[in-house]
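**Student:** In case it helps, Swiss-Prot gives these features for our protein:
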- GLY79, ASN110: anthranilate 1 binding site (BINDING)
- GLY79, 82-83, SER87, 89-92, 107-115, THR119: 5-phospho-alpha-D-ribose 1-diphosphate binding site (BINDING)
- SER91, GLU225: Mg(2+) 1 binding site (BINDING)
- ARG165: anthranilate 2 binding site (BINDING)
- ASP224, GLU225: Mg(2+) 2 binding site (BINDING)
Amino acid sequence: MIKEAIAKLVKKEDLTAGQMNDVMEEIMTGEATDAQKAAFLTALAAKGETIDEITAAARVLRAHCEKFLNDMDVLEIVGTGGDGSNSINISTLASIIVSAAGIPVAKHGNRAASSKCGTADCLEALGVKIDAAPARMAQILKDINICFLFAQKYHPAMRFVGGVRKEIGIRTLFNILGPLANPAGASMQLFGVYSEELVEPLAHVLHNLGCKRAMTIYGMDSIDEISLSADTKVCEFKGDEFKSYTIKPEDFGFTRCKKEDLAGGEPAVNARIARDILEGAEGPKTDVVLLNAGAAIYLASDGITMKEGIEKAREIIKSGAAKKQLERFIEETNK
């Protein structure tokens with residue numbers, strides 16, 4: 001099937017969901033050759049992925065992941081990465097704050113690919129045992145409302161595309177698929193994308209995949225988070241109701257900063273910054289974390305505004321609950 005699919009893609013023809021399913025099965029089982037995978041991913045990227053193509057591919061990747069037993073509605077704050085911003089680990093810190101608010105968060109991530117410090121690198125530098133057994137992580141999620149799912153542990157079939165992705169060196173379908181394949185089956189997602197063109201399509205993909213509520217976001221300074229240094233494009237849905245809008249930092253009382261004000265560094269640097277933020281340090285790095293954590297609290301809650309979500313996130317830091325949550329996370333994963 002993959003050869004026929006490549007022939008369609010080079011003619012700029014879309015694949016049906018069934019065709020994408022068949023091609024992904026060939027890729028995820030190691031049946032397709034490296035040359036075929038490279039040609040397919042390049043041709044698909046050049047054509048542009050449709051909602052149906054991404055949905056079908058994500059379903060196959062989910063089917064091939066290691067199972068994680070979870071029966072709770074969980075939130076994930078995640079991004080496609082590859083934005084080149086080398087910022088602090090915003091979504092990681094927001095996840096800790098949101099979980100301290102009593103909202104279950106299953107953070108799914110990996111080591112750095114294009115940045116200096118990925119989610120896994122930051123948590124490890126903070127002292128979290130990132131590769132705890134799935135059953136242990138499931139229990140931690142139940143006990144303290146947060147867990148970390150180390151992507152390479154749960155997606156063994158990704159080994160069939162890792163080399164090809166590095167060698168062709170362009171963004172491909174798999175930059176989008178990874179964040180769509182949380183093994184805990186996140187039913188709520190604050191989902192950052194690397195392109196404005198993906199904001200609305202990815203919201204519909206999440207809806208197709210059974211997500212109950214989500215916000216897909218793109219910071220207009222090319223960041224896959226809600227930005228403090230630019231406006232942010234948003235597509236939100238709760239149930240079947242979709243709405244698109246723009247977030248401005250000033251709308252929530254924040255002062256717009258320069259993009260470089262949000263820069264991080266190596267894992268040890270980002271871990272130190274993370275502790276400072278959770279201990280109540282002020283400044284743009286804390287503000288951008290509050291903006292994203294507040295949006296996530298708003299998304300996962302009923303009857304509150306985003307501004308109220310941000311104030312709740314601020315109070316969680318001020319009360320010491322966020323710092324305490326990190327310490328519990330470290331302690332529980334190292335038992």
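A Cβ is built for glycine as well, from the same backbone N, Cα and C atoms used for every other residue.
Worth saying up front: this structure is predicted, and the values here are computed from it rather than measured.
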**Student:** Please report how many Å separate the Cα atom of SER91 (5-phospho-alpha-D-ribose 1-diphosphate binding site) from that of the residue listed as 'anthranilate 2 binding site', as a whole number.
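**Tutor:** That separation, Cα to Cα, works out to 24 Å.
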**Student:** On the three-state reduction of DSSP, what should I expect for ARG165 (anthranilate 2 binding site)?
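**Tutor:** ARG165 (anthranilate 2 binding site) sits in a helix per DSSP.
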**Student:** If I take the Cα of GLU225 (Mg(2+) 1 binding site) as reference, which of the binding-site residues GLY79, HIS108, ASN110, ARG111 has the closest Cα?
**Tutor:** GLY79
**Student:** From the Cα of GLY79 (anthranilate 1 binding site) across to the Cα of ASP224 (Mg(2+) 2 binding site), what is the distance in angstrom?
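**Tutor:** Just about 6 Å between their Cα atoms.
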**Student:** Quick check for the class: what is the C-alpha distance, in angstrom and rounded, between GLY79 (anthranilate 1 binding site) and SER87 (5-phospho-alpha-D-ribose 1-diphosphate binding site)?
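**Tutor:** Their Cα atoms are separated by 13 Å.
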**Student:** How far is it from HIS108 (5-phospho-alpha-D-ribose 1-diphosphate binding site) to the residue listed as 'anthranilate 2 binding site', counting Cα to Cα, in Å?
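**Tutor:** With the alpha carbons as reference points, the distance is 20 Å.
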**Student:** Using C-alpha atoms only, work out the spacing between the residue listed as 'anthranilate 2 binding site' and ASN110 (anthranilate 1 binding site) and round it to an integer in Å.
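**Tutor:** Cα-Cα, rounded: 15 Å.
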